[in-house]
Amino acid sequence: MPNSRKLSGLYIANEDKLKFTAIADSDDDSDDDNDQFLDPNSFNIPSGRKFSTISRRNSVRSKISINGSAKDSTNIPITQDYSSDLSQRTINDFKEINILGIGSYGRVYLVEDVYTKKLYAKKTIKKAKISIDEKLFKTHKNEREILSSINHPSIVKLFYSFHDYQDINFILEYIPGGEIFYHLSKTKRFNEFDTAFYLAEISQALTHLHKVAGVVYRDLKPENVLLNAQGHVVLTDFGLSSLDEVCHSILGTPQFTAPEVLKGEEYSYPADWWSFGIMMYDMLVGETPFSGNNRAKIFNKILKTKLNIPDYLSEDAKDLLRKLINKKPEKRLKIDSDFENLSNHRFFRKIDWENLRNLKPPIIPDTTDISKANNFDHGYINLILAKEEKILDNVEAENDQSKNDETDLFDNELFNGFSFVASKNFLDTHM
């Protein structure tokens, strides 16, 4: 790409115009793969597999045409409790310590409660970036509604939601073990037992989303599955999730998107189980089954290429992969209607389903000093100290009209309902 340089592997800047473009939002179909992957020489992350592509990190609404512990109870209500003194909290009560991640529409920070000194994750979304697209706005509003109504040990918890004239801020549970992708980067792939363990916990969370919450997740991938301090999985990032059982939008992360989504057909929960199968393949093989150096090629392979499974995988693994990664959703393994179709599969024969959360996970993250966020991508974390940070902020300020708009977005009815405080009972239990 001429006249461009890589800034921490996240954005490509045209130096003539100083305008940043997220690669995930690009329609460039060139064969140049160099700008698609994070540069391992730029980061302090163990080698082993290719780094997460920008299209994987920044899930997008596609424009391409194909031409915890025992006390984690789900019975604690998460209703708003504005009568509590805790409802007087503000975003200024949470001091930024580090950057945990950067996406197309905002950032995730590690923050400290200035009063209790406890650590949380703060997800900041720019209003100016989502208010111009009605569907995009709806997905982020859905994220707030979903997280404020779900209490499950394998799903990240929302404690507060604030908004001002410029940003929406979610104060979330800090999951210090980092992404499963980070841990995969050390070894390239997991063995079958470790993969089965993580898939078992993920499947329980997905089933809860589908059957209890009525949510289509739409963005399952190793980058969105975190490990808590004990090593158990926690799903995060519900920015693309839907509360509608039947969906139509073409969105998601290219490598993990189901064929029916790409075709523009109606789709539902089976699309998540396709992504589940792709994630299983990714963990066992070290790459996704349908890959390419641009979205058009990836989508074409998803739609037309036969699934190729390496011979070194067990017959049980191969069988489950074929049943999950079936291009026809009606022929995909029926899990929501009968979970035993999954749990009784021989690939999970060594899994104690009833006792999962009490078992020792395969990976116990280093949580010696969780304030250092050692299990997160250091390319992101170091970004806050890099010279590019000033450039990024300047460009965002140039393109972000929220401060200069005659209409104060804080008073805009569009964002009514984003503020949220969890119930005192919920806060007392989990904070």
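Quick reminder: no glycine exception, Cβ is built from N, Cα and C everywhere.
The feature domain 'Protein kinase' is assigned by TrEMBL to 94-348. Here the domain 'Protein kinase' (94-348) has a mean pLDDT of 94 out of 100.
Positions annotated as ATP binding site by TrEMBL: LYS127. With a 10 A radius on its CB, LYS127 (ATP binding site) counts 26 other CB atoms from all the protein chains. DSSP assigns LYS127 (ATP binding site) to a helix.
Per TrEMBL, the feature domain 'AGC-kinase C-terminal' maps to 349-430.
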